[in-house]
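If you check TrEMBL, you get these features:
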type     : residues : note
DOMAIN   : 241-339  : domain 'PH'
REGION   : 361-394  : region 'Disordered'
REGION   : 427-455  : region 'Disordered'
COMPBIAS : 433-442  : compositional bias 'Polar residues'
DOMAIN   : 465-601  : domain 'PID'
COMPBIAS : 609-630  : compositional bias 'Basic and acidic residues'
REGION   : 609-672  : region 'Disordered'
COMPBIAS : 637-656  : compositional bias 'Polar residues'
COMPBIAS : 663-672  : compositional bias 'Basic and acidic residues'
């Protein structure tokens, strides 16, 4: 009975576990639609199918719960009652019968030891009473025990059959409920799901086969990509990207001069640069790259480094790419994002139009001044006609250009440079030595510096103004003040759109040779503009603090043609004074140039006169020699006159040469 009880109890426990597990399965299927899988899309068909399965399994769970309850009532209760009540009753009666038998045996033993010689009525009475009582008790116990044993034979049959009957009835009831729930519609649903599973399996096999073939093809095609720095001729740089991802080394300062490099995965997301370390679940914000600046830098003798500076200049980060291709693509991508090209409908098309500005940022240079070396003019001075036309350009009015549209002055897609100031610490090492010699710095426009004294020391004009650089951009025309006005409008509008309010203050030095931007703290020359290249200058018509000038250069978007760049500044109510000073400097330079040319022309005339004087003196000497020679010939011919024909006067070779020179001298004199 104990073994049977344990077996049935296992059935009951298993049924309870099955019911609980089925209910948990239904609950998990209901929560599937709340799950978000990184590689799985929004599959509504899968979610609805699982919801249907959840309902069916939930109904099965309810059926299993009913079956568990029926097993508890119809199977476990009868056998438990037989075990806990009937069997315990028999065991108890058996123990009582054993005790009564032992008491009866003890009473018989005492009775048997009664003495025949010395009879005691009192002792005899007690022994007989004890035997009577014990025998009666044993008899009663025996009858109850035997009756219970006989009854147990029937209870045993009941205890065996009733649980089995209850188990079978519970199972039949469970199967009936299942038959009622499993309708034809459910069978059709299960058939469709089975067909779908087979289709998914076939699709998976086909996909796996395709992926295996793709993997083999990629392994063959990607072999050159395993090289850390691939050939740029085979893999050209894409400069029109607005999204990029890849591994970069980030520089982290650990002390004043020490730093570490951490390799992390970086990717762009809209206008943000995100980073994700190894083991992280998701990426975090590294920097806001809207309106930021990016340039290639040299850092700790590492290749392919570039620096990103936020729009407010408060945060910067130095990163290192793995190859030259990645290096240029990262710079171009960040440069495109900083212009908010990604917000347009066709970002790659717009990025292609402003690709020129990205190419300028890719050129490795530690400062913006070196980037302006590409704008170096071809010569030290321009023709006089150009200087003459530019000296009066401030107040001139050209009727021929009045009808030109704004697009003919400034191209709509021209990139704007908002900052030309580079940190002083990025100057070349050779400049430190040059600073001890009059604080002279390398001129980005290629002016020669052979003399020990600065070129501006001999200038009669030295005027210093405080200015703030607003921006610069390439223009199409340089002979109309409207160019400066339109450039001012576009730069101010671009600063307002991109929320760029920071301006770097500089000192503008106006001399007869050039315009210089000087750092007010270190007195280092940041940028130099040759005065002959400044062809146009003007102030704003309403805001007199704004002024600008156009610089004509030999570089730019077109290497073969001249280009013009317009620079816009803000001053402290001195815009007209600065323009007047520039005009005065150009007039002084013009007069100096005219004086120099007049002096050179006078020297040339004097040289010509001196040469003519030498020729004339030489001609006179030749004539004198010829006269002397003719007298000698006449004197020698008189005493030696011959009457016969065929006699000639023979002259020496020197005399013949002198005669030839005399004839040439006469010809030159006649020509003069």
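Glycine residues also receive a Cβ, built from the backbone N, Cα and C atoms like all the rest.
Any TrEMBL annotation is an automated prediction that lacks curation.
Computed from a predicted structure; not experimentally measured.
In the domain 'PID' (465-601), the DSSP tally of helix, strand and coil residues is 46 helix, 51 strand, 40 coil.
According to DSSP, the secondary structure content of the compositional bias 'Basic and acidic residues' (609-630) in residues is 22 helix, 0 strand, 0 coil.
Mapped onto DSSP helix, strand and coil, the domain 'PH' (241-339) counts 15 helix, 50 strand, 34 coil. Within the model, the domain 'PID' (465-601) shows a mean pLDDT value of 83, rounded to a whole number.
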